[in-house]
Amino acid sequence: MREVAFIKQNKEKWLGIEQVVDGKIKKNPDDLSSLYINLLNDLSFAQTYYPKSKTTVYLNHLSTRIFQRIYKTRRTEKNRLTYFFLTEVPLLVHQYRRFLGYAFLFFFLFTLIGMISTYYDKDFSKLILGEDYVNRTLENIKQENAVGVYQQGSNWGMMVYIIVNNLAVGAKLFVYGIFGGLGTVYVLMQNSIMVGTFQYFFHQQGALQESARGIWLHGIFEIFSMVVEAMAGLVLGASVLFPGTYSRFNSFKIGFKNSFKIFLSTVPFTVMAGVIEGYVTRYALEMPVVLNLIFILLSFSIISFYYLVYPYIVHRKLKIPANAIL
């Protein structure tokens, strides 16, 4: 079928759906679902036969709008916070999943640079971590207390300081994405090199295992959140650099809204990391090794499932159209 005929055949139906989405015509949830499925069929047809046309872009946008109306407003009794974390964020993570891949790639690359630099330059750890910090840590290692740095101050004071500091780092990773993503990459580079340096420094001192038992109790949530925050910054940067079929301003608005939601999703994990670091990490070496491992593996399972597996489950369950912009 020629595109002109396709448009003529379905124009009235699409205009009617616009009226529904705009709230000018009221429909019950079942009718909305039927309209959505019907529109998906039109979108699939357009993607097959007119993949680069404005008709396909229009249908993609319209299907996204009606999807949002169905799953955001059809059940007013649905808890908004639950929807945000269990549906909205996973769909956004799935939509921008390649940026999560980029963020992990940068993280591992910069972490490796930190490790290699520490291996070849004996003073590199002092440059990155600070001479005073290195000296205090060396003293702790001599006393067979690799996690001694986490035992300073009160539980509450340590927790608050860590949470505020990590939220500030996360905000930088996100906000600096406005500079085409370069600011995000720079902040991620600083922190990733620090991670690599930190871990290899303990390896050089023969205290890697002891330090890992403490560091990764809170580090799983902290570092994984950092990578996701970098993902959000890269999404923001891409919205500025690559507007696609949108104006640059509209692309930025969409990118900011979606990336900010991804950033917000990391806040509970960042807070939990601070709580663990303030109240649990200081006792890491007093805990049985098995308990350390269970705690670390459980933390990794929770956050990796949420960001790496669950988005695919939600996407498959809701049958979102390919390339839909939420």
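The backbone N, Cα and C atoms fix where each Cβ goes, glycine too.
It should be emphasised that the depicted structure is a prediction, and the values quoted were computed from it without experimental measurement.
For 99-120 (among others), the entry in TrEMBL reads transmembrane segment.
If you look up TrEMBL, you'll see 158-178 (among others) marked as transmembrane segment.
Feature annotation from TrEMBL assigns transmembrane segment to 215-242 (among others).
Summarising the annotation, TrEMBL assigns transmembrane segment to 262-281 (among others).
The transmembrane segment feature in TrEMBL is assigned to 287-309 (among others).
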Query = What stretch in 99-120, 215-242, 287-309 has the biggest tally of Cβ pairs under 8 Å against the transmembrane segment (158-178)?
reply = 215-242
Key: Residue numbers, six or more beyond the limits of the transmembrane segment (99-120), whose CB comes under 8 Å of its CB atoms   = 93, 128, 185, 188-189, 192-201, 204, 223, 226-228, 230-231, 234-235, 238, 307-308
